[in-house]
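S.K.: I have a structure here, written as structure tokens, and I will follow up with some questions on it.
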Amino acid sequence: MEERASVQILPAVTSVSQLDLSEARTTRHRKTASIDGGRTLAHHKMSSRKRRRRHSSLSRRVKRFILRYTWAFPLAVICAFLFVYSLNPSESNPVHKFIFPSYPVGPETPGGPVKYAKGRDDFAFVFFYIIFFSFTREFVMQEVLRPLARHWGLASRGKQTRFMEQAYAIVYFIFMAPLGLYIMKGTPVWFFNTRGMYEDFPHKTLTGDLKFYYLFQGAYWAQQAIVLILGMEKPRKDANEMILHHIVTLSLIGLSYRFHFTHIGIAVYITHDISDLFLAGSKVLNYLKSPITVPFYVTFMGVWIYMRHYINLRIIYSLFTEYKTVGPYELNWETEQYKCPLAQVITSTLLIALQSLNLVWLYYVFRVAYRITVYNEQRDARSDEEASDAEVETTEKTKAN
């Protein structure tokens with residue numbers, strides 16, 4: 001009986017041992033699986049962190065690149081436009097209106113130049129060239145003019161920025177002033193003939209070069225207004241006058257183009273382009289402490305007074321003398337005849353406002369001339385930055401003494 005009992009007990013013990021062993025193996029497997037799962041989860045988390053770090057690092061690099069090379073984005077947009085146009089370089093391409101003047105209507109006389117009408121697509125042209133100027137301004141200033149400023153010994157950041165702004169103006173106006181005179185020569189307004197501004201009115205169609213010039217200038221001044229709004233230039237003491245100047249300028253450009261007073265507009269463009277060229281030149285020479293600064297400034301004063309005051313006052317005078325008597329004088333929306341009393345009031349008001357601003361700046365011009373003559377002090381009376389630089393230099397000299 002005892003033997004039988006022992007025989008019966010052994011299998012039971014064996015079964016219990018096998019069960020415990022199986023449970024232990026299952027537990028080990030679970031622990032192993034748990035550990036492997038934890039490792040996998042940790043690996044996924046680390047991979048996710050690495051991806052986020054790489055993405056964050058890439059975004060930071062892109063941001064730094066954009067801030068460092070501010071001309072890169074507008075250049076990319078320009079390249080995209082040009083690439084799309086290259087796929088079908090014809091007037092049927094929707095991008096054509098962004099790059100070239102729209103609405104060709106053919107020559108008015110056999111063998112004459114092709115004329116262009118006006119329309120909504122002209123906004124596309126202005127938009128594209130605003131982007132173009134956003135690129136050229138930043139590229140020329142950062143990659144060309146800043147190294148030149150450092151090379152010529154302009155150490156302070158403020159003076160470098162002022163130099164870059166004025167040197168860029170020289171680059172622009174040194175091309176546009178002669179171009180304006182060239183285009184004016186082919187019109188009845190040559191050398192500011194005020195009767196030619198009203199003869200054969202309305203000037204509904206323009207030659208290709210005149211239309212390109214007019215809208216190209218409009219894009220430049222629109223981009224300059226954007227620069228002012230975004231605070232991309234250091235503030236001046238005449239900031240309010242500059243804001244008003246841009247409002248008046250863009251109003252004159254837009255209204256003169258829409259209502260066919262482009263022959264007045266081209267004369268106003270040229271007078272300001274030439275005087276701005278000499279203004280920027282005198283400032284750059286002053287920043288560089290050139291020995292010809294004073295004689296050049298005297299020349300600038302003569303150009304400024306002749307162009308911005310004498311010529312523009314003649315244009316304003318013609319609005320009260322020749323405006324009614326030369327060419328038609330009526331309002332007819334069907335024939336786009338806008339040389340009427342209302343247009344006379346608007347045009348004369350805007351030009352008088354512009355002349356008033358120019359007189360304010362003429363006061364600054366004479367104030368600088370007075371300081372040069374009496375105190376031998378040469379600096380832009382409108383610039384806060386230059387005033388602070390002058391104060392620093394004066395303080396340093398006082399300490400040295």
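Every residue, even glycine, has its Cβ placed from backbone N, Cα and C.
Sharing the features that TrEMBL gives for it:
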- 23-55: region 'Disordered' (REGION)
- 41-55: compositional bias 'Basic residues' (COMPBIAS)
- 66-87: transmembrane segment (TRANSMEM)
- 123-140: transmembrane segment (TRANSMEM)
- 158-374: domain 'TLC' (DOMAIN)
- 167-192: transmembrane segment (TRANSMEM)
- 212-231: transmembrane segment (TRANSMEM)
- 243-270: transmembrane segment (TRANSMEM)
- 290-307: transmembrane segment (TRANSMEM)
- 382-401: region 'Disordered' (REGION)
S.K.: Answer with yes or no whether the transmembrane segment (243-270) touches the transmembrane segment (123-140) by the criterion of at least three Cβ pairs under 8 A, sequence separation 6 or more.
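M.R.: They do not touch: fewer than three Cβ pairs between the two stretches lie under 8 Å.
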S.K.: Are there residues at least six beyond either end of the transmembrane segment (167-192) with Cβ under 8 Å to its Cβ atoms? List them, or say none.
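M.R.: For the transmembrane segment (167-192), the sequence-distant neighbours (Cβ-Cβ under 8 Å, at least 6 residues beyond its ends) are 137, 140-141, 145, 148, 199-200, 207, 209-210, 213, 217, 220, 263, 266-267, 269-271, 273-274, 276-277, 279-281, 284, 311, 314-315.
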S.K.: If you average the pLDDT over the domain 'TLC' (158-374), what number do you get?
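M.R.: Mean pLDDT across the domain 'TLC' (158-374) comes out at 94.
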